[in-house]
Amino acid sequence: MSVQQFLEKHMLSRKIEDAVNAAVRAKSPDPVLFISNHMRKAVPSVITKIKARQILDSRGIPTVEVDLYTNKGMFRASAPSGDTTGMYEAVGIRDGDKGTYLGNSVTRAVKNVNEKISEALIGMDPTLQSQIDHAMIDLDKTEKKVPLYKYIADLSGETNLTLPVPAFTLISGGKHAGNHLAIQDIMILPIGASRFEEAVQMGSETYHHLKAVITEKYGAHGCNVGEDGGFAPNISSFREGLDLVKEAISRTGYDEKIKIAIDVAATDFCIGTKYDLDIKVPNKSGQNFKSVEDMLEIYKELCSEYPIVSIEDPFDKEDWEHVKHFSSLGICQVVGDGLLMSNPKRIQRAIQESACNALLLKVNQIGTVTEAIEVVKLAKDANWGVVTSHRCGETEDSFIADLSVGLATGQIKAGAPCRGERLAKYNQHALIFSSVVLAASQSERQTNLTYDCFELRKSLGIKQFMLVKIGGYHPDQRP
Ligand code: 2PG
Ligand code: MG
């Protein structure tokens, strides 16, 4: 190749001319340095070397760090790891030699990076992310990952997957807050939302309207929150809390589309056979006990005055007789939490005795996923509602979100639309929703996942809404 051919092949004359012109335009005080930097930028990036090593993570457990060299510099990254690992996530390879770092060393993974991965990636443009990722996926022989909710659905045999109707905690009381309110939660159910994201919007907007309502009435300190993220103004009666929530709902304009649910957690203020609604009020506690009959009347009145459609634990956890009587009135959904403790034997008994008509599913209370699947089947066979539930002490783990979809429980109670550990669940639903819509729009797979308020509305005797199917948005005009 002649000199002329070489210059033409690499377009050197033009590139050098461009660099000189740029240096002149910039009036660079050191044109040679300027031209050399300019030329470096004009060169396309290419991976030249990859070097992995073992380091320790924040817990002192080995993990992999990689230096990636290109013709433009060196870039460093390291991988996190955790305890909550599942069989369908990407596999983290550990050496397993108990004599070294208790089996956690990662020298095999480091070797893989330094040899196989490095060989595949050197010479590639580091900005072509998808090509790089596909080169690594081709090297990785592990099975394709399955979404967690789908895995749970496959385990349980559930095929009609639904995103649940969220019960957002708006006001906290009972053992979950330092105010004077004896009952534990006042929640809202956006039963008129046609898509999950609309339900979240309705929940969030109502929460923020409530904040304004409480601030106007009790000052900003009334907006401190309880353990589930609900506001905890210093109120002491059912009605004060319900009035605040009712006002917030009316400010949103959603009106009939939002209903109210309460968790009375009555065991916590049951003394003997009586209920002390003032149990948390200094100088009043112990002076005004309510009988079971009084409580029944209170519930009946409240259900007729407020849009309450669901009451959890209206009586002491061992008072089977009265919760049964209350359920038989058919006024609202009656959820068993303390009554059932997610325990298969208690659930079976409650079904036989028609003691309540909905299960609060606390998976950590039942202990295993297999048993959770069994009790959900029991409840569904009895035509009960199922509410997947968080705990007051939560983490940012979002497992129960996938569980609620995979078991199609239809309802979830995961706290306020506020605080990271509560939002982790609702945000996971949003992620499931968007991934399914995306998959459906790419026509890659068929999906039956719906956001279906219909069943809940039907069981609550509410009929005026329609179902919208995710992935195609076919309105289903069920009556
Ligand atoms: C409940 C739960 C969640 P805890 O009573 O439903 O609010 O509370 O975790 O305290 O059992
Ligand atoms: Mg409860």
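Along the chain as shown, residues are numbered 1 onward.
The backbone N, Cα and C atoms fix where each Cβ goes, and this holds for glycine too.
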In TrEMBL, the Mg(2+) site includes ASP263, GLU312. Which of ASP228, ASP243, ASP294, ASP337 does it also list there? ASP337
Mapped DSSP class for LYS362 (active site, proton acceptor), helix or strand or coil: coil
When DSSP states are grouped into helix, strand and coil, how many residues of the domain 'Enolase N-terminal' (47-152) land in each? 34 helix, 25 strand, 47 coil
Report, as a single number, how many Cβ atoms besides its own are within 10 Å of the Cβ of ASP263 (Mg(2+) binding site). 29
Under a criterion of Cβ-Cβ distance under 8 Å and sequence separation of at least 6, what residues of the same chain contact LYS362 (active site, proton acceptor)? ASP337, MET341, SER342, SER389, ARG391
Reduced DSSP assignment, ASP337 (Mg(2+) binding site): coil
Starting from the Cβ of ASP228 (active site, proton donor), draw a 10 Å sphere and report how many other Cβ atoms land inside it. 29
Between GLU312 (Mg(2+) binding site) and ASP228 (active site, proton donor), what C-alpha distance do you get in Å? 16
Among all chains shown, work out which of the binding-site residues GLU312, ASP337 has the most CB atoms within 10 A of its CB. GLU312
